[in-house]
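Taken from TrEMBL, the feature domain 'G-protein coupled receptors family 1 profile' applies to 39-289. Feature annotation from TrEMBL assigns transmembrane segment to 21-45, 57-77, 139-156, 195-225, 237-259, 271-291.
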């Protein structure tokens, strides 16, 4: 029989053992986190306060910005505190909570990107029916469904992982709590948990990715064969390009995270991708959307221009 123990905490993997590098990495993560909070927070503020942005596209963009703030907050603060601490641990409850919110917010982002792709499909391919199809009730329903499905999906993972017995080691070979590294420490039958990862998680990600890409393929086909003016074609492609870059970045890192590593080098690569996925992706999303969107840029200037004048 395997040696089962009651685990109260896990020891997290350190990013580097070189003390001089730890401060540099900490400052890098701190800068990225501040940019994430400011960038996504700014989009959230203008979407709420600017009447011109009260449309389905910006409603979902506001959801995505709020989600990205939460997503990076799940892992980054703990990651930064561990860089300055000699005791790089996380409690069992804290670990399961972090796992839950990591999958909850990741699943929601996956579904939100699909909804945003569908929104662009309706807006470009069926402009006369857009306001009827994407009315406020439909937008609220779609957003609520995305958040609810992801919550119960994450709850399933967190409950199943919390019920496991852990043996031999409390050292987690990862920078934060996720299902795969926790399964490596578990003893007993973990086949159901593995099935949940490779079937349920991959199905959710692949289905979302498929329908997102399908929306954009329809849009491209429509624009190539039915677009009447070059200006309409340029504006539509510019909007879709921003969405497509975010989709590619998100699903590209997710694919690298959950495809089983074939070698030790792949494991190191997976850890590097995990850091990119949780720190860099939420920072790039607002930059991609704002730099390529004149309406958001002008709204930012109007809102923050007004606020700046109040303090002058």
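Cβ atoms here come from the backbone N, Cα and C positions, even for glycine.
Taking residue pairs at least 6 apart in sequence, the transmembrane segment (57-77) and the transmembrane segment (271-291) share three or more C-beta contacts under 8 angstroms. Cβ atoms under 8 Å from those of the transmembrane segment (195-225) belong to residues 103, 107, 110-111, 113-114, 117-118, 120-121, 124-125, 153, 156-157, 160, 179-180, 183, 233, 236-237, 240, 243-244, 247, 251, 254-255, 258 of the same chain, restricted to positions at least 6 beyond its ends. As a whole-number mean, the pLDDT of the domain 'G-protein coupled receptors family 1 profile' (39-289) in this prediction is 85.
If you look at the transmembrane segment (57-77), the same-chain residues 6 or more away from its ends with a CB under 8 A from one of its CBs are 29, 32-33, 36-37, 40-41, 43-44, 47-48, 98, 101-102, 105-106, 108-109, 112-113, 115-116, 119-120, 123, 139, 143, 175-176, 278-279, 281-283, 285-286, 289, 296.
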